[in-house]
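**Student:** Okay, here's the structure, questions in a sec.
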Amino acid sequence: MVIYTVTTHTGQRLLAGTTSLISIQLRGTEAESEEQNLNRFQGFFQGSERAFKIHCKASLGELISVKLYSKSFMGLLHDHWFCDKILVNTPEGDKILFPCYSWLGCNERLVLRPAKASFVFQDTNPIAQRQRMRQREEQQKLFRWRVYAEGTPQVIDYDTALALPAEVQFSFTKETEFYSSAGTQLAALKLTGLADSRRSWECISQLNAILCENRNKTFEYVQEHWDEDEFFGYQFLNGLNPMMIQRCSKLPENFPVTDDMVKDSLRGSSLEQEMKKGNIFLSDYKMLDELVGNVVSGRQQYLTAPLVLLYCDPHGMMLPIAIQLRQKPGQENPIFLPTDSKADWKLAKFFVRNAEFAVHEVDFHLLRTHLLAEVFTVATLRNLPSPHPLYKLLFPHIRYTLQINIMARNQLISKDGAITMYAGVGGESLAKLLKRATASLTYSALCLPDNITERGLENVPHYYYRDDGMKLWNIINKFVGAFLTYYYQCDTHVQKDTELHDWISEIFTNGFLGRDDSEIPSSFQTVNKLVKFVTMVIFTASAQHAAVNNGQFEFGGWMPNYPSALRKPPPKEKGQTTEDTILETLPDVSTTVNGMAVLRLLSKDSADHYPLGHFPENLYDEDVPCKLIEEFQKDLRKLSDLIEERNKKLELPYTYLNPKNVDNSVAI
């Protein structure tokens with residue numbers, strides 16, 4: 001008779017304990033233990049650690065799995081159990097860690113594998129190979145792909161977050177927080193009484209009265225400076241969407257700006273001269289061309305596809321110098337200039353900021369972070385078993401993504417969702433824009449160093465998104481490179497890893513729809529190519545999402561800076577716009593306050609916020625990955641210190657890529 005000592009660790013999260021009956025079975029290469037009940041007379045309590053003896057007739061051999069079962073107590077109580085990990089002390093004196101970190105529902109089973117990382121081609125034991133294959137088959141039955149909309153990335157095949165397998169469920173706290181909904185945010189903002197008002201604002205300053213208790217330093221700066229050209233230009237670099245602007249060396253043929261139009265802005269210089277110096281920039285919203293605006297509160301809204309020309313002046317200020325609101329030039333599509341009437345120029349900038357709302361929320365936020373993170377998550381859960389090194393590396397970066405995306409589809413972009421109800425780009429236009437964005441998405445656009453070079457922005461001053469983002473990219477790349485080269489010791493290991501190739505194949509096929517012109521790899525032949533791709537995956541789910549998500553209320557809560565919908569079509573001639581015209585064009589009171597509530601919900605940190613580099617799960621029993629994590633955390637702390645020191649000197653600090661403010665995953 002031999003004895004195995006099993007120690008269970010119940011999670012610290014709310015409602016982690018259970019009164020359900022938990023049984024355990026150990027499996028080794030030689031035999032398996034009898035199924036044994038662990039808590040017949042005592043439940044597992046939140047944060048508890050309990051030890052049990054498992055008696056076996058003989059050694060089980062090398063342990064390859066732990067099976068956990070849950071049954072209701074007397075058929076009555078059947079709450080979930082959140083197990084952090086199982087530690088097993090063997091008769092041979094080995095201590096083996098079996099990570100769990102997932103919910104176990106009533107009448108469900110979990111199969112845990114040892115923490116030691118392994119590849120499929122390294123599992124030489126036939127029993128371990130079969131078990132690994134079965135686990136993968138079961139995962140693929142649980143996590144299925146579904147076509148969300150033709151021409152867009154596929155999503156997880158579940159209609160509600162509650163229907164997801166328990167092993168990937170939200171924490172109770174986080175789920176409750178999200179389901180508090182925009183209605184709770186309206187109450188927090190004290191805007192409930194305005195939520196149904198369809199009247200226009202009497203003046204923009206009227207907005208001041210409803211925001212007195214919901215401002216921070218950035219919000220107040222936006223409120224004070226939103227109408228200034230300097231701030232308008234600044235947002236192309238460091239606002240909610242720092243991804244549109246690019247250096248302009250030749251004017252588009254459909255944007256006939258002349259030297260005479262911009263001579264005052266260029267202080268006597270010419271466009272050709274300034275282009276040669278690298279001082280002219282363009283933001284082109286052609287992706288919105290010919291999209292029809294949504295109907296909001298029974299009233300037609302209007303979308304435009306502007307072109308914006310900008311000039312980086314000798315002081316390093318990025319200034320707008322010309323705006324054309326539609327793609328096709330002509331007499332009824334004038335080019336607006338800073339020298340036009342104040343009302344004309346202000347209205348032109350409103351249409352640009354509304355176009356910015358559309359491309360930011362649909363392309364750069366929804367598609368390039370949320371939906372891609374979901375693709376990476378589903379492919380990981382389907383193809384990489386828990387002992388796989390890449391599964392361990394990606395696990396912190398896929399937490400909560402499935403839940404948040406399902407809830408977003410149900411509450412934000414569904415037929416009765418907030419975006420459909422209160423945004424000009426909602427409804428049919430959103431689906432069309434999402435399809436266009438997917439068709440144009442490239443690998444280089446997702447890799448920050450490549451993207452900065454392609455847009456010609458290497459030397460633009462005061463581009464804090466680039467500065468902080470490049471440092472963060474390099475830190476992630478260093479960590480990923482050291483981690484993966486520890487496990488993949490040569491290119492041959494990459495080539496032999498069939499699970500890895502199935503993983504990237506599904507990402508290419510189900511996420512990027514098999515588009516060769518996307519330049520997304522469909523297989524890997526070298527360690528270096530793998531390191532770059534995994535760096536992109538982690539950067540997308542963490543840093544990039546933080547950059548385009550976390551400032552939504554700060555930059556967008558003041559509606560004139562980020563109007564979600566516009567109620568009048570763009571002007572066809574100059575000199576006709578008045579302040580009354582502007583107020584009639586801007587969103588009505590209801591659209592404004594409901595939009596504010598949604599942006600506050602999307603920007604709000606959850607109670608169980610996990611910053612980048614924070615690893616609450618103990619997934620490793622090897623020294624090298626643990627040391628690499630410590631070095632990664634040290635590098636992140638250094639970057640935080642650098643950013644905070646830099647920000648002390650800025651009137652408007654750029655905080656979104658401070659690692660302290662970056663979530664590990666797309667979790668809000």
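These residue numbers are counts, starting from 1, taken along the chain as shown.
Keep in mind that glycine also has a Cβ here, set from the backbone N, Cα and C atoms.
Where the annotation comes from TrEMBL, it is an automatic prediction and has not been curated.
Just so it is clear, the model here is predicted, and its values are computed rather than measured.
Okay, these came from TrEMBL:
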- 2-118: domain 'PLAT' (DOMAIN)
- Gly17, Asp79: Ca(2+) binding site (BINDING)
- Trp103: site 'Essential for stabilizing binding to COTL1' (SITE)
- 118-668: domain 'Lipoxygenase' (DOMAIN)
- His365, His370, His545, Ile668: Fe cation binding site (BINDING)
**Student:** Does Trp103 (site 'Essential for stabilizing binding to COTL1') have same-chain partners at least 6 apart in sequence with Cβ under 8 Å from its own Cβ, and which are they?
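**Tutor:** Listed in sequence order: His80, Trp81, Phe82, Ala166, Glu167, Gln169.
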**Student:** Determine how many residues of the domain 'PLAT' (2-118) DSSP places in helix, in strand and in coil.
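**Tutor:** Each residue of the domain 'PLAT' (2-118) counted once, the result is 0 helix, 64 strand, 53 coil.
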**Student:** Among the binding-site residues Gly17, Asp79, His365, which residue has the fewest other Cβ atoms within 10 Å of its own Cβ?
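**Tutor:** If we count Cβ atoms within 10 Å for the binding-site residues Gly17, Asp79, His365, the smallest count is at Asp79.
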**Student:** Enter the number of other CB atoms within 10 angstroms of the CB of His545 (Fe cation binding site).
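**Tutor:** A 10 Å sphere around the Cβ of His545 (Fe cation binding site) contains 25 other Cβ atoms.
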**Student:** Per-residue pLDDT averaged over the domain 'Lipoxygenase' (118-668) comes to what?
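**Tutor:** Summing pLDDT over the domain 'Lipoxygenase' (118-668) and dividing by its length gives 93.
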**Student:** Have a look around His370 (Fe cation binding site) and count the other CB atoms within 10 A of its CB, chains all included.
**Tutor:** 23
**Student:** Out of His365, His370, His545, Ile668, the binding-site residues in the record, which is closest to Gly17 (Ca(2+) binding site) when you go by Cα distance?
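**Tutor:** Closest by Cα: Ile668.
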**Student:** How big is the Cα-to-Cα gap, in Å, between His545 (Fe cation binding site) and Asp79 (Ca(2+) binding site)?
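**Tutor:** Given the Cα positions, His545 (Fe cation binding site) is 34 Å from Asp79 (Ca(2+) binding site).
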**Student:** If you measure Ile668 (Fe cation binding site) to Asp79 (Ca(2+) binding site) at Cα, how many Å is it?
**Tutor:** 26
**Student:** Measuring Cα to Cα, how far is His370 (Fe cation binding site) from Asp79 (Ca(2+) binding site) in Å?
**Tutor:** 31
**Student:** Among all the protein chains here, how many other CB atoms are within 10 A of the CB of Ile668 (Fe cation binding site)?
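**Tutor:** 21, counting other Cβ atoms within 10 Å of Ile668 (Fe cation binding site).
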